[in-house]
Ligand SMILES: Cc1cc2nc3c(=O)[nH]c(=O)nc-3n(C[C@H](O)[C@H](O)[C@H](O)COP(=O)(O)O)c2cc1C
């Protein structure tokens, strides 16, 4: 009797350990089905090059009462996209959503631009997506603060991001621009406001204007590689016609540019011909690559304010690294497609 009691306890202990271990493994990568699309939600720290579904387009949305969710699902269906819902760690109750109460949770959050409500949904990796639609309701004329939490915690480099929103009547206003500023990376396009009852045809017309399929092929074209002296550096290129022209210029053979130190903050060199330019007053930082005067490339290891056309930014060097590469004498920069 005593013996069989011990055996039972042993079996229960093993069962407990197995259950715990298996559920811990399972929580790292969850796959959910929504809108007939299999969506992979990668665990934090996932560094895979692409999402598991292999899809190009992702629709990310936050929806407190289901309206934006409905529009997000239609967009995902039209674009054959993955769908990801931002869920607040602390769900919004109807009291929280009372915008007539100046002390309600949403009123307090929207009145304080520094608030960042926590996200409760599984972490998602944006790797492998070339286009992301990002949707939310308008709260007090702006994006809900939880959207700021999301964009500040993800990298959008190389991704075209298209905001959309639903509202009682307000337009999208500056909310898309705010999100772009908070994100700090990505090619953010102007967004649009829809009513919850928007038809699929109307959405399709809007989406057709982005030429997503063609764009996605374009995005997959490789981008120029850069070497400073013998050191290869990573560059996040701008999406503009100057970069396209530069890319065309170095397609057949590498472009070697003899640079000269100037001003204690940059090296400058002639491309040998003019590229399309769209100069804007710019304050640069270490790592920035710009077009100056249409025919010269400038790479910064410090800062300067001037009218330039942005070409890109070196992402794998900090200010100290850039100073080491550029602050010790003239260099040659090689831009090539190899
Ligand atoms: C806290 C709060 C603030 C809102 N502020 C606005 C607003 O400024 N302008 C507007 O047109 N609608 C406003 N609305 C209405 C929502 O934008 C609208 O109902 C939206 O479609 C809800 O989307 P959801 O169901 O996806 O959460 C607000 C709603 C809430 C809950």
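Cβ coordinates come from backbone N, Cα and C, glycine included.
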Annotated range (TrEMBL: region 'Disordered') out of 10-30, 31-51: 31-51
Which listed span TrEMBL calls region 'Disordered', if the choices are 73-96, 97-120: 97-120
